[in-house]
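Everything on this sheet refers to the single structure shown next.
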Amino acid sequence: MLRQAAQTRCWRTPARFVSHRPAFPRSNPVSAALGGTQFRKLSVKTQTDKNTLSDKKTAEADTSSSSSSAKSAAPSQQKTQNATTAQKNLLSESTVANKEQRKADWAIMREMAKYLWPKGDWGTKLRVGTALSLLVGAKVLNVEVPFYFKSIVDSMNVDFAAVGGTAYTVAGSMIIAYGATRIGATFFQELRNAVFASVAQKAIRKVARNVFEHLLRLDLNFHLSRQTGGLTRAIDRGTKGISFLLTSMVFHVVPTALEISLVCGILTHQYGIKFAAITATTMLAYSAFTIATTAWRTKFRKQANAADNRGATVAVDSLINYEAVKYFNNEKFEVARYDKALKAYEDASIKVTTSLAFLNSGQNMIFSSALAAMMYLAADGVATGSLTVGDLVMVNQLVFQLSVPLNFLGSVYRELRQSLLDMETLFNLQKVNVNIKEKPDAKPLELKQGGQIRFENVTFGYHPERPILKNASFTIPAGQKFAIVGPSGCGKSTILRLLFRYYDVQEGRILVDGQDIRHVTIESLRKAIGVVPQDTPLFNDTIEHNIRYGRLDASDEEVRKAARRAHIHELVERLPEGYRTAVGERGMMISGGEKQRLAISRLLLKDPQLLFFDEATSALDTYTEQALMQNINSILKEKGRTSVFVAHRLRTIYDCDQILVLKDGQVAELGSHRELLDLDGIYAELWSAQETSLAQDPEYERNAGLEGETAGEVEDKAPRQ
């Protein structure tokens, strides 16, 4: 059986076949093949070095020594670790000193001021100017209301029978003016809100778009270590805080100061320094108490925000991994995790509410004391004859007129502090450094040689203490089918990530058709590369959308042609909704094999010059895999594309022009399938181990028969010479 299995004919292209040498069993073949190498799970946690070190070493890549590279990479990697730690703490809402917090708050307010008065945007400036004019008009009318009220009261303090008048003849004009003034103030205020609405919404849109755009520019490491639920919740709170901050800056802080100044001036001019002194003292005491108490309350709000982020993270994580929760019956565990986060939020929210009650009580006590003192002075003036009853009413009205902006200012300050806290995370996201950057003089990638890829003395590691690639050098010839094999954690997928510039090398350089990838534009580089990754990323949308994502301007016919080449068109057509069928969150409504074929069709639609298949057919059955690979091989041969296959199952890649064997981050072997078998090294050991395992599999005979039938069909269809 073993000899028969080893001699089974396999295909390479429709007209080319090879026979494998017999796979003789050896003692402990797996451990012998790996040479005791420990299988390691790829764990991406830290960010690689920036471009500086790589650029410095480009010219001397071939002569770089391991000792110098270790010394050079250490500071960079330490800096990267610190940056990663900062990223992890991004949503922690840690408490900072008041001085630092005020500095951060002012920075946010300065940033938001740019959206209030943007350069060159005269439409926004006109709206802000109009809103401010309406604001001033509304405040002036508000201050006039007590004057009319005083006149009405004083004019009514007569003997109507003696003068023979009516309310209209005595105070009619004042009553009309009173009503008109209040209506005018309200009209100006509402018109102001309508005029300013587009300014606030436009600012929210710009900030949210900038943050989203920046998140898409951040490196892979940030997105691998992010907390999706907490991140989205922080962004949501931050965008809501923008509207309040802009409104408070224009309509609350400035107008309240204006109204207080007007009232103090009127009281001083009309009633003397005592009234103005009480008013000024009240303002100072009220403001000082509000600021001090709110600063004390800030830590409770930060604790609540952090707990809210944790709760959102737990909820989203559990729902995304719904199947895993069900597989292991861990519903109660997930509910307990979520409840723990909710309990932390509950405790923090109780502190926020109780501290708010203390703040409101103190504010009310200060204002009520001032009101009582001013009413006493006014009543004393009426008793001595220096003031009229209308003056008493006017003082009362003016003080109450102040109560509205004062109480509003207190609540505004509280909400402003909360908005600033909510926006802090939003703006901190924009400050996260983009480590993978283009050079100012970067040029588009030009594929003049067909897409040759060359790694020269490349050293790279996600952790300083564990390099993944160590001085690796190899060339992927243009237009050839190339494979990379090796044990888990040896750097197979890392090669793709480095070529795609998810990370930059720490030593050495990577060339595509003789061009250092750090010297070309990122967009042109990534446009030339197509990838089918291990975990197929799909959007919660239709099958058609997920295929067309490879090239958004593709026609319906082009989408279906790509699906046919990926052997999924017939399956899609049998679905009730066809190409309009939704795939669900992360494609969970379709099988793993269907997801992989969708990913392949998306890649074929993109039609790049360089193609990477990272375990692209691992979820397919043998027959479907062979039929699909025949199609892919014919496309690669027809268009002369450079292709790289990363695989653990050697039967899927033995027909490649060259096979690279990685071990411990270094190139261990390189050659064709037959050359590597003749070498009798690591590849031969792996091949022997897998063939032995297949021969002992009860399903092997059936699969071998399918392979033979497929090979026979292809041979029959092959052109005869």
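Yeah, the Cβs are placed from backbone N, Cα and C, and that goes for glycine too.
Summarising the annotation, Swiss-Prot assigns topological domain 'Mitochondrial matrix' to 18-127, 197-245, 292-357, 414-721. The feature region 'Disordered' is assigned by Swiss-Prot to 41-96, 694-721. Per Swiss-Prot, compositional bias 'Low complexity' is recorded for 61-89. Swiss-Prot lists 128-418 with the feature domain 'ABC transmembrane type-1', giving sequence analysis as the kind of evidence. Under the heading transmembrane segment, Swiss-Prot lists 128-149, 173-196, 246-269, 271-291, 358-376, 392-413. What Swiss-Prot lists as topological domain 'Mitochondrial intermembrane' is 150-172, 377-391. Feature annotation from Swiss-Prot assigns glutathione binding site to Arg297, Thr298, Lys299, Phe300, Arg301, Asn360, Ser361, Gly362, Gln363, Gly410. Residues or ranges marked as domain 'ABC transporter' in Swiss-Prot: 453-689.
The Cβ of Ser361 (glutathione binding site) lies under 8 Å from no Cβ of any same-chain residue at least six residues away in sequence. Broken down by DSSP into helix, strand and coil, the topological domain 'Mitochondrial matrix' (292-357) contains 62 helix, 0 strand, 4 coil. If you take every residue in the domain 'ABC transporter' (453-689) and average the pLDDT, you get 88. Around the Cβ of Gln363 (glutathione binding site), the number of neighbouring Cβ atoms within 10 Å comes to 20.
The number of other CB atoms found within 10 A of the CB of Lys299 (glutathione binding site), across every protein chain shown, is 18. Secondary structure of the topological domain 'Mitochondrial matrix' (197-245) per DSSP, as helix, strand and coil residue counts: 45 helix, 0 strand, 4 coil.
Taking H, G and I as helix, E and B as strand and the rest as coil, DSSP gives the topological domain 'Mitochondrial intermembrane' (377-391) the counts 11 helix, 0 strand, 4 coil.
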